[in-house]
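Since the structure comes first, as structure tokens, the remarks are kept for the end.
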Amino acid sequence: MTGLNSLDLPGRPEDTRVVVAMSGGVDSSVTAALLKEQGYDVVGITLQLYDHGAAVSRKGACCAGQDIQDARRVADQIGIPHYVLDYEDRFRRAVMDDFADSYAAGETPIPCVRCNERVKFRDLLDTARDLGAAALATGHYIASRRGAAGRELHRPRDEERDQSYFLFATTQEQLEFLRFPLGELTKPEARALADRMGLEVAGKPDSQDICFVPTGRYTTIVEKLRPGASAPGEVVHLDGRVLGRHSGIVNFTIGQRRGLGIGASEPVSEPLFVVKLDPLKRQVIVGPREALETQKLTLRDINWLGDGPFAELPGEGLKIVAKVRSTRPPVPARLFRTGEGAVVELLESEGGVAPGQACVFYDGGGGQRVLGGGWIVRTESCWQVPEAGTSRVAAPTAD
């Protein structure tokens, strides 16, 4: 289309207002500075998401007190208005409560996905519209491109910084309003731009932690919000043997090996890993590494960004590549629609896949376009538990 600016929007940059979500880090600061340099009417917004008093001096986490100050200084430096919005209450309800509930249910949550889904790309997007913006821009490393049926989500040029796993829940409506200027840049290029522009945050380290966990110990937050989640229980082997006691399933995640609480009175001949958490029985179930391998995932709450309605997915399934953890590369798979969600069958087994995590879909051709994803509710183990005698039975699934 003709008459579009660099953000794929109609009109001149100076006539186009863009709200930039500024976290105080290098990436969002470069995003704001680039758009300002290109002539856009830029407004910076920073969200205060959790207790400001507890976070003022903490560094290395998104939206901490120091980060709010950094965002304000960058906005002043590049000459744009900047606002801080107090979203503590809605963040608590939408993200922190879900985080605690997930751990109490024996899941391993991804709070960054929930934050993008329920706060940044919903409430902040509405605020941007209220301010008369034509788009909300962020510093995420992901690409948004015009497709035949609307905007599409694609993996970024810098695959080492690929954040598509955390943005799979972005809806089509949100995608039409969002822009990701760093999608075609690498992280070193973004830092070089920050240096060239003289931004104060050019050398600031990347955020690493969950923003609302001040000590890095997530169990502290879970126990505070859901005290009953720390109820003790048994550590049980897949073969039924009780090997020890634990002080609460919130202290464990799928794939964990250390700190299992197995007593010396129950010697084991092989390394054991957490393969399932049963919140109803308050059991931590352990087994060999092989029991962590899975090729079949059951998903709920599907967000579909592919062509055509998800309900019209072919009965023989759709060839895709799937990503089951943020740190793992996508693997070939097949996607099947079910009455309540979807099933993904992996062509290669993956280990340590936990309920509560996401399975993200990419196109089966080049694996670059994001087709959506869903939340893992159950995995089916590839391993079988040897019984006494010669028969073998399937290991229980993690759910």
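Just so you know, glycine gets a Cβ as well, placed from its N, Cα and C.
The annotation ATP binding site is assigned in Swiss-Prot to Ala21, Met22, Ser23, Gly24, Gly25, Val26, Asp27, Ser28, Leu47, Gly139 on the grounds of sequence analysis. In the structure as shown, the Cβ atom of Ala21 (ATP binding site) sits within 10 Å of 25 other Cβ atoms.
If you draw a 10 Å sphere around the CB of Cys211 (disulfide bond), it holds 22 other CB atoms from the protein chains shown. The disulfide bond annotation in Swiss-Prot covers Cys115-Cys211.
As annotated by Swiss-Prot, active site, nucleophile applies to Cys115, with the evidence given as sequence analysis. Taken residue by residue with DSSP, Cys115 (disulfide bond) is part of a helix.
In the three-state DSSP scheme, His140 (site 'Interaction with tRNA') is classed as coil. Cβ environment of His140 (site 'Interaction with tRNA'): Asp27, Gln163, Phe166, Leu167, Phe180, Leu182, Gly183 lie under 8 Å away, each six or more residues apart in the same chain. Summarising the annotation, Swiss-Prot assigns site 'Interaction with tRNA' to His140 (among others) and lists sequence analysis as the type of evidence.
For the recorded site, Cys211 (disulfide bond), the DSSP three-state label reads coil. Under the heading active site, cysteine persulfide intermediate, Swiss-Prot lists Cys211, citing sequence analysis as support.
As annotated by Swiss-Prot, site 'Interaction with tRNA' applies to Gln357 (among others), with the evidence given as sequence analysis. When other Cβ atoms within 10 Å of the Cβ of Gln357 (site 'Interaction with tRNA') are tallied across all protein chains shown, the result is 24.
Note on Asp27 (ATP binding site): other Cβ atoms within 10 Å of its Cβ, all shown chains, come to 25. Pairwise Cα distances among Ala21, Met22, Ser23, Gly24, Gly25, Val26, Asp27, Ser28, Leu47, Gly139, the recorded ATP-binding residues, top out at 16 Å. Under the DSSP three-state reduction, Asp27 (ATP binding site) is assigned to helix. Each residue contributes its Cα atom, and for Gln357 (site 'Interaction with tRNA') and Cys115 (disulfide bond) those atoms are 14 Å apart.
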